[in-house]
Ligand SMILES: *[C@@H]1O[C@H](CO)[C@@H](O)[C@H](O)[C@H]1NC(C)=O
Ligand SMILES: *[C@@H]1O[C@H](CO)[C@@H](O)[C@H](O)[C@H]1NC(C)=O
Ligand SMILES: *[C@@H]1O[C@H](CO)[C@@H](O)[C@H](O)[C@H]1NC(C)=O
Ligand SMILES: *[C@@H]1O[C@H](CO)[C@@H](O)[C@H](O)[C@H]1NC(C)=O
């Protein structure tokens, strides 16, 4: 551990000293050459900006996060200023932290966070669908680095895409398994989506699909048509009957 630390410090030094800048940024964990800091969700990143020796009339430092000023307390501005990102969240992925002298914006140094995380899919979801209906199962695949493989299984075997009943689509963030017309004999069972990450390995979510009998929906339109016919017939009957009665009374 101590060895690793000294190596990373060694790697950090050329990056810092090669900057002909008013300020330098040191970080925990250390940044790689190019100023990228590797971190993960829930972790803590500490950044320290230090004024380099030299003649500076003004010693006040400024921190920017993606170009917006970071609110610094008094006593954390002169000569040395630190920023703590704790805990690291998904929105910190790719964020750039810049430090410069308040009086001279032409000399900036920056670091970028590379927040790695796996998709958060997990657990078992119960899904019930009626025979003949359509179905969409979804798994969110957002991850850094991006997942390298997504698979869908039914009862432990990869879903058979050669039969036209399964459609798998993905927009890079969500993977969807779609069935346009569910049939109990073909589709009922345990589904599982699995995302593979080169860094974090596999993660899965399961769906227990139950296909229920088709419920008899009340055929509303034919019924309305039927009622209209009955009503019209009755009306005609009354009219003709009334005519007959009227004729009699003449
Ligand atoms: C900053 O450094 C200068 C000397 O370089 C020193 O005179 C001054 O007191 C320091 N300020 C703080 C707040 O440490
Ligand atoms: C800002 O810093 C650069 C490099 O150190 C220097 O050349 C330039 O004159 C400075 N500008 C001001 C306004 O001090
Ligand atoms: C971020 O870290 C991942 C995992 O180590 C790596 O694959 C990726 O290239 C890094 N991205 C950047 C921008 O450094
Ligand atoms: C999946 O397994 C369940 C339980 O063994 C079974 O009832 C179902 O028919 C199977 N589904 C398919 C499509 O084979």
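Just so it is clear, glycine is given a Cβ too, placed from its N, Cα and C backbone atoms.
As recorded in TrEMBL:
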SIGNAL    1-18  signal peptide
DOMAIN    87-212  domain 'Ig-like'
TRANSMEM  220-240  transmembrane segment
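The DSSP breakdown of the domain 'Ig-like' (87-212), given as helix, strand and coil counts, is 7 helix, 74 strand, 45 coil. Mean per-residue pLDDT, taken over the domain 'Ig-like' (87-212), amounts to 95.
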